[in-house]
Amino acid sequence: MGPVLLVLGSCTSLQIGAALAVHLFALGGSTGTTFLRLGLAALVLLLVVRPRVRGWTRGQWRAAAALGLALAGMNLSFYTALSRIDLGTAVTIEFLGPLALAAATSRRARDLLWVGLALAGVGVLGVAGETHGDGLDPVGAGFALLAGAFWAGYIRAGARLGREVPGHGGLAVATAVATLVLAPVGVPGALRALQAPDGLLLALGTAVLASVVPYSLELAALRRLPQRTFGVLLSLEPVVASLAGWALLGQALTLLAALGIVLVVVASAGATWSAGSAARERARTPRPRTRDPQDGPEDGPGTAGPGPGTGADAPCPTGQPAPPGG
């Protein structure tokens, strides 16, 4: 399978998993569904990766805990949004988080234009309303925005964890931490869901399709695609989410709502492409000497500015797979 198809397959699997989660809400609510999804994903990751945590430093544990908190908040907020607004709308609004992070960490005025375009798209979505013909639910939209904020936090925490812990052991531990964080509010709903005949099957389907499969496909794609191309392809997720909502949940789109989603997709793709261009420009431009050669190298480890893949320059974690949630 070609790398482009791997990324598109990842996006499709992720959104099908989200659609399955919507069906699970009736059994366990958004909190129970989030707990089941993260718990099963953590179990699979721990069994497959088998992280070697013996000997971890406090800094490594803190980095894993920070990512776990971001994962818990992102998934719970996103699923709560899904219980109130359409899938395509929720994913589109969520993209504002990484875009805002890109603008906040950028010195380029044009990145603010991409965020403005995305805000315009979300504004169009608010005017367009949703499938049921009413206006956009403000509480659902608020939770989608909160999920986007946690996604931005995930990008920063993931970049830090990637520096602290090599391999994928850090993500496995972080997912387990997220499960433990949600246990007090998620266990009752999860138990109710598992009592239903199809509860476990829906939960397994959600965990596999929304976590394990996307992560595996994106890892394979990253080995064969430039990071910038990978990020642009991930920008299509709102479109894929809208198609999944229409095909699996009966969530039709008006032309005005479709326009709003397209504006956000263009903004996300544009910001990703712009970040890649700026990174290449920095690499080609020699820095002026500001220190005496006797003082040693100008840049020590960790002092260089953010580059592609750190999450600080791009609207999505273009140097690593998308978060196994939301």
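Glycine residues also receive a Cβ, built from the backbone N, Cα and C atoms like all the rest.
For reference, TrEMBL has these:
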type: COMPBIAS; residues: 279-294; note: compositional bias 'Basic and acidic residues'
type: DOMAIN; residues: 140-269; note: domain 'EamA'
type: REGION; residues: 276-326; note: region 'Disordered'
type: TRANSMEM; residues: 31-49; note: transmembrane segment
type: TRANSMEM; residues: 61-81; note: transmembrane segment
type: TRANSMEM; residues: 87-105; note: transmembrane segment
type: TRANSMEM; residues: 112-129; note: transmembrane segment
type: TRANSMEM; residues: 141-159; note: transmembrane segment
type: TRANSMEM; residues: 171-194; note: transmembrane segment
type: TRANSMEM; residues: 200-217; note: transmembrane segment
type: TRANSMEM; residues: 229-249; note: transmembrane segment
type: TRANSMEM; residues: 255-279; note: transmembrane segment
Same-chain residues near the transmembrane segment (61-81), Cβ under 8 Å, at least 6 residues beyond its ends: 21, 25, 30-31, 33-34, 37-38, 90, 93-94, 140-141, 143-144, 146-147, 150-151, 153-154, 157-158, 160-161, 164-165, 170-171, 173-182, 323-326
The transmembrane segment (31-49) versus listed stretches 141-159, 171-194, 229-249: most Cβ pairs under 8 Å: 171-194
Tertiary contacts of the transmembrane segment (229-249), as residues 6+ beyond its ends and Cβ separation under 8 Å: 4, 7-8, 11-12, 14-16, 18-19, 22, 86-88, 90-92, 95, 218, 221-222, 258, 261-262, 264-265, 268-269, 272-273, 275-276, 314-316, 318, 322
Ranked first among 112-129, 141-159, 171-194, 200-217 for CB pairs under 8 angstroms with the transmembrane segment (87-105): 141-159
Long-range environment of the transmembrane segment (200-217) - Cβ separation under 8 angstroms, sequence gap at least 6: 6-7, 9-11, 13-14, 16-18, 20-21, 23-24, 27, 33, 36-41, 44-45, 190, 193-194, 321-322, 324-325
Intrachain residues whose Cβ lies under 8 Å of the transmembrane segment (255-279), provided they are six or more past its termini: 88-89, 92, 95-96, 98-99, 102-103, 106, 108, 110-111, 114-115, 117-118, 120-125, 127-130, 226-228, 231-232, 234-236, 238-239, 242, 307-308, 313-316, 318
Local confidence of the prediction over the domain 'EamA' (140-269), expressed as mean pLDDT: 91
Cβ-Cβ under 8 Å with the transmembrane segment (112-129): same-chain residues at least 6 beyond its ends: 89, 92-93, 95-96, 99-100, 102-103, 135-136, 141, 254, 256-257, 259-264, 266-268, 270-271, 274, 315
The domain 'EamA' (140-269), counted residue by residue under DSSP: helix, strand, coil: 112 helix, 0 strand, 18 coil
